[in-house]
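Annotated active site, proton donor per Swiss-Prot: His37, in sequence order. According to Swiss-Prot, the feature ATP binding site maps to 30-37, 146-149, Ile175, 183-186. Summarising the annotation, Swiss-Prot assigns beta-alanine binding site to Gln60. Sequence annotations record features per position, and here Swiss-Prot assigns (R)-pantoate binding site to Gln60, Gln152 based on sequence analysis.
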Amino acid sequence: MQVITSVKEAKQIVKDWKSHQLSIGYVPTMGFLHDGHLSLVKHAKTQDKVIVSIFVNPMQFGPNEDFSSYPRDLERDIKMCQDNGVDMVFIPDATQMYLKNFSTYVDMNTITDKLCGAKRPGHFRGVCTVLTKFFNILNPDIVYMGQKDAQQCVVVRHMVDDLNFDLKIQICPIIREEDGLAKSSRNVYLSKEERKASLAISQSIFLAEKLVREGEKNTSKIIQAMKDILEKEKLIKIDYIELVDFNTMENIENITDNVLGAVAAFVGKTRLIDNFLVQGLK
């Protein structure tokens, strides 16, 4: 496995692979890897070569968010990648990604102003900009992203279509702890009491998905049922609960098809997200 920090060197390796007609699966991460990331690596191994990038992108964090405290453990991440058959770990620093006087950004006028985008201004501008750069540097065939960041997946798919990138976005299922909590690098922030309280998030998601699959169409009723679960936990502060069309991120009143149910909530000071996706409803 190659551990690369230079943009120039990464591009040269990719160029060599492509000259031998090798396909590339790419998993973008911010590090502090967990089983959710490793499941993406497993999917990516259907390609000839697998690249994992590790970059805590300052551009996608707001001024009062957790950029400086975001968990980091490069040595552990590199070992996990090696143990799971990754071919290249690309670990650029901010000076490699954003040169002096950097002034070019990728933004989107729709989809990004809802859900997490509404709560985190500028977040998706940072995501789209950095992924555009990674796509140009690494030239992947398929990019593997987790459904836990569902809005991000939809935003990036739209960006790929709009900008004619020659690649495919593959959305992979949420990976959960044994008790149901969605795997997240930020789970490490939780105290014992907060960890216990956080289960209300996944419980609200499971209930809502069950209601949808059983035929409930009224989103107000589903949202209220989710609120009832979350509001029982004093350590939880709801950021949003939304049921939206998965393709447009627009709120829906009556469920027809492709519904995404999404929750963001603070457990203590830690903001966690979770969701369910139901497609193919008649």
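Using the three backbone atoms N, Cα and C, a Cβ is placed for every residue, glycine included.
What Swiss-Prot annotates, mapped onto the structure for a quick look.
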residue	record	DSSP (3 states)
Met30	ATP binding site	coil
Gly36	ATP binding site	helix
Gln60	beta-alanine binding site	helix
Gln147	ATP binding site	helix
Gln152	(R)-pantoate binding site	helix
Ile175	ATP binding site	coil
Ser185	ATP binding site	helix
Separation of alpha carbons, the residue listed as 'beta-alanine binding site' and Gln147 (ATP binding site) (Å): 19
Among Gln60, Gln147, Gln152, Ser185, all listed as binding-site residues, which has the most CB atoms within 10 Å of its CB? Gln152
I need the nearest neighbour of the residue listed as 'beta-alanine binding site' among the recorded positions His37, Gln152, Ile175, using C-alpha distances. Gln152
Between Ile175 (ATP binding site) and His37 (active site, proton donor), how many Å separate their Cα atoms? 9
Cβ packing number for Gly36 (ATP binding site), 10 Å threshold: 21
Report, as a single number, how many Cβ atoms besides its own are within 10 Å of the Cβ of Ile175 (ATP binding site). 18
